[in-house]
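Trainee: Please see the structure below; I have some questions.
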Amino acid sequence: MATIRKKHRAPVSVFQRDPGPWSRLLIDWLATLAVIMIFGLVMLFSASYTTGYLRMGDSFHYIKQQALCMMIGLACMFLMSYMDHRFLRKMVVPGYIIVLAMLAVTLTMAPLNGCRRWIRFGGLTLQSSEVAKFEMILFSSHLAAKAPQVERLDPERRILLTPREWLRVRVWKQLVVPVLPLIPVVILLAMEPHMSGIVLTVAVVGTILLLSGSGGVLTWAGAITAGALLETLLSHVDSIPYLQKRLDGWTQDLSKMTDQTVQSLYAIGSGGLKGLGLGNSVEKQLWLPESTNDFIFSVVCEELGFIGAVLIIVLFVLFIVQGLLIAYKAENLYCTMVGIGIMAQIAWQVFCNIAVVTNTLPNTGISLPFFSSGGTSLILLLAEMGVMVNIGRNGERVAQQREQMRAQREAARAEREAELARKTIDLASARAARTEQ
C-alpha cells in the first residue's frame, strides 16, 4: 500500500536576527520620516499649548502625551522591523478574528459624541478602527498575492481557459475572495458609526486590489458601481441623522457652514503666503475646535502660510514616493502589496484631511499622520513603519543575493569563454605546426 508523504514546511520564526542590509533608499526614507515627525511635534506644541493650559492646566499636556506615544511607537517600530514578514502573513487569519472581536467590544462601550469608537480600560483608550486598518492591509495583501493571475499563465494555457474558468479566477479568486473579509469590518464600523474609518479602509483595500491586478477591469467596474451606490446612499442620507448632520455643513454658503469649517477657512485665509509666524495663530485660542487633531493643518496654514502648507505636502509626497519604491523592490508580491497598502493609507489620510480642512470634502474626522494628536493612531503608524523597514531590508538582501548570483553566472560564462578561446588558440597552433612539418 502506497504511503502519502505530507509536505512539511520549515517553521517560521517570529523575529529575524538580521533582516538584511540597509539601502540608501531606505535610509533616505527614514530621514524623511524623521523630518515629518519632528515637524509634527513642533506644530502640535504650537497648536496645543494654549488649549492645554486652559483645559488641562498644563501647556505641555498634549506634547507630553504625544511624545510618550511616540516613544512607545518607536519601540513598536523597532520590534516590527525585526519581525519576520512570513510570520505576519501566517497570522493574518488569527489577527482578523481578534480585530472583529475588538470591533464588537467597541460597540458595548459608552458613546462619546454619539459614537462608540474607543475601547476603554482604566485610564487608557484604544481606537479599534486603527488596528482594523492595519489588519486589513495585511489580510488583503495576503489574499491578493495568493490569488492566481491570468496574465502570468503561459499563452498556450491562457488560450485553453474556458469562460467559466476565466470567470472563476477573475471574479471569485481575484475579486470576491479578497473583498469578503472587508464586509464584516465595514458593517461593524458602520454600527459605531465611523464613516471616515469605512472610507479609509475601503480606499486602502481598493488600492491594493487595483495595483495587484486582481480582477482587472472588473475591479474598476466594481469601483464605479460602489461609487454609484454611494451616490444613491447620499440621496437618501436624511434617513441617517449622523451622515445628514455631516453633510448639512458641507456647503459653499458661509452662513450655513459649521462653525468648525468657518474657523478653519478663516485660519487658512489669514495665513496668506508666509503666515503669521510660528506660535502666532489666533484661531487656536479656542476659536477652532479640534485644532490639535483633525484641524491642525489649518493652524499650520495660519502660522506658516501657503509656503509652509506646500512644504508639508511636498514632504509627504516625497515620503510616499520613497515608500512605494521600497515596496516595488520588495522580496515578493506579498511584501510589495503590504508596502503599497501602508503608503496608500498615509496618502489617503493626508488627502482626506487636507480636503476636509479646506471644505473640499465634508467633515469626516480624519487625522493628519504624524501631526495630529492621537495615541493609537501614532503607535500603529510607527508599527507600520517598522514593517516597511523590514520589507526594505529583506528586499535589499534579496537584491544583493540576485546580484551576486548574476555576477557568479557572468564570471562562470567569462571563464568558459576564456577556456574556449584558449582551446581554439591551442588548436590553431597545432594546425600551424602540422602545416610547417
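The chain as shown is numbered from 1 upward.
Cβ coordinates are placed from backbone N, Cα and C, and glycine is handled just like the others.
Predicted automatically and left uncurated, TrEMBL annotations should be read as such.
The coiled coil annotation in TrEMBL covers 395-431. Taken from TrEMBL, the feature transmembrane segment covers 25-45, 65-83, 95-112, 171-191, 198-223, 295-321, 333-356, 368-392.
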Trainee: Considering only the recorded stretches 25-45, 65-83, 95-112, 171-191, 295-321, state which has the highest number of Cβ pairs under 8 Å to the transmembrane segment (333-356).
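Mentor: Looking at each of 25-45, 65-83, 95-112, 171-191, 295-321 in turn, the most contacts to the transmembrane segment (333-356) are made by 295-321.
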Trainee: Between the transmembrane segment (295-321) and the transmembrane segment (25-45), are there at least three Cβ pairs closer than 8 Å, leaving out pairs fewer than 6 positions apart?
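Mentor: Since 3 or more Cβ pairs under 8 Å link them, the transmembrane segment (295-321) and the transmembrane segment (25-45) do come into contact.
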Trainee: Using a Cβ-Cβ cut-off of under 8 Å, list the residues of the same chain that are 6+ residues beyond the ends of the coiled coil (395-431) and lie near it.
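Mentor: Non-local partners: 19-23, 26, 326, 329-331, 335.
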